[in-house]
Amino acid sequence: MRKKFNSKSKGKNLHASRENKDKDNKINKNKDNKSKNIKNTNKNIKGKGKNDQNKNKDNKKSKDTNKDKTPTTQYIRVNTLKITPEKLKARLTDKGIELEDTFLEYLFKIKNTKVPVGATPEYLFGYYYLQSISSVIPSLVLNPSEKDMVLDMCSAPGGKTTHLCQLMNNKGIVVANEVNRKRIKSLKSNIFRMNITNTIILNSDALRLKYFNSFDKILLDAPCSGNDIKDKNREVSKRDIRYCSLRQKNMINIGIELLKTGGELVYSTCSAEIEENEEVIEYILSMRKDIELINISNFKDTITGISVVDGEVNGTIKVIPPNEPFFIAKIRKIQ
Ligand SMILES: C[S@@+](CC[C@H](N)C(=O)[O-])C[C@H]1O[C@@H](n2cnc3c(N)ncnc32)[C@H](O)[C@@H]1O
């Protein structure tokens, strides 16, 4: 099995290499030092990859095997545009759905249920969305306001889009982009079901978007090797990971082109692979002079009930198992 990037010693190296740069909670972009650090980082990454190869001759892992070991806890995110958390909790409790509070007043853990939670009248009325606890974090970190022009670059089926709209009280504008026509159907249906009215749906390849310098906030919840795209039993190879990593680097670069100066972009994936996470952030910070990393490490303190730790690049965070893995970083365009 391919080992995840969670080596503490490597983490320390990366943190140490950034220590002097982090005085005001931002990663200062001293380019000379940075390129050295990035080279070191890449060396470490490559070194780690070699170790992995030695340990894993077939160089593959079964996603299903991983998932089978992890109990799937379900959560519901209350659509506060339609109902209050208290009212929904009372209605669902009456139906035999036992709910437990979480760190977020409108997110409940399903402890027990006598009915299918994806087929209740309340679900069909758009009173809630079934969403993992890890995947509510990117929209919270982006923190859009009612006045913002927001782009969700890869939005289907719309879990984070509808969460963003909820945070914006159905105001401002959200452009929900998705390349896959089939997945647009579920996006549309969720937007309609949840009474979202501030959203424009766009069916485009995010890499071809040309609305340069237009958005206050951008969410790039990037396609990654953690997504079950076609076959749940498909094995993820190093090649898949490299392919995703390259696409993610291109996407984040386009995302920054689309941001206004002063605008902010949240990058997230549900992959635990360093190539798709820290490496993408290191890459974009080394490539562009017009951005800075916003340190979201303190965000960890606002979350309870799941394991959120610092990413290997100082200022980033990640959710680690048994919850769904998630990596989150926030970037500001400064020029
Ligand atoms: C991780 S999923 C997004 C999940 C979504 N943000 C949510 O919370 O419901 C990634 C999505 O990106 C889409 N995608 C892949 N390549 C894309 C591209 N080049 N442009 C736009 N969307 C793309 C996939 O079809 C998939 O729907």
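Every residue number used here counts from 1 along the chain in the order it is shown.
Cβ coordinates are placed from backbone N, Cα and C, and glycine is handled just like the others.
Quick look at what TrEMBL annotates:
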- CYS270: active site, nucleophile (ACT_SITE)
- CYS154, SER155, ALA156, PRO157, GLY158, GLY159, LYS160, GLU178, ASP205, ASP221: S-adenosyl-L-methionine binding site (BINDING)
- 1-15: compositional bias 'Basic residues' (COMPBIAS)
- 16-35: compositional bias 'Basic and acidic residues' (COMPBIAS)
- 49-70: compositional bias 'Basic and acidic residues' (COMPBIAS)
- 64-334: domain 'SAM-dependent MTase RsmB/NOP-type' (DOMAIN)
- 1-73: region 'Disordered' (REGION)
Maximum Cα-Cα separation (Å), residues CYS154, SER155, ALA156, PRO157, GLY158, GLY159, LYS160, GLU178, ASP205, ASP221 listed as binding S-adenosyl-L-methionine: 19
Count of other CB atoms lying within 10 Å of the CB belonging to ASP205 (S-adenosyl-L-methionine binding site): 12
Distance from CYS270 (active site, nucleophile) back to ALA156 (S-adenosyl-L-methionine binding site), taken between C-alpha atoms, in Å: 14
Alpha-carbon distance [CYS270 (active site, nucleophile); GLY158 (S-adenosyl-L-methionine binding site)] in Å: 15
For LYS160 (S-adenosyl-L-methionine binding site): DSSP state (helix, strand, coil): helix
Inter-residue C-alpha distance, ASP205 (S-adenosyl-L-methionine binding site) and CYS270 (active site, nucleophile) (nearest angstrom): 20
Winner by Cβ contact number (other Cβ atoms within 10 Å) across the recorded positions CYS154, ALA156, GLY158, CYS270: GLY158
List of residues, in chain order, with Cβ under 8 A from that of LYS160 (S-adenosyl-L-methionine binding site) and at least 6 apart: SER135, PRO138, SER139, ASP152, LEU219, ASP221
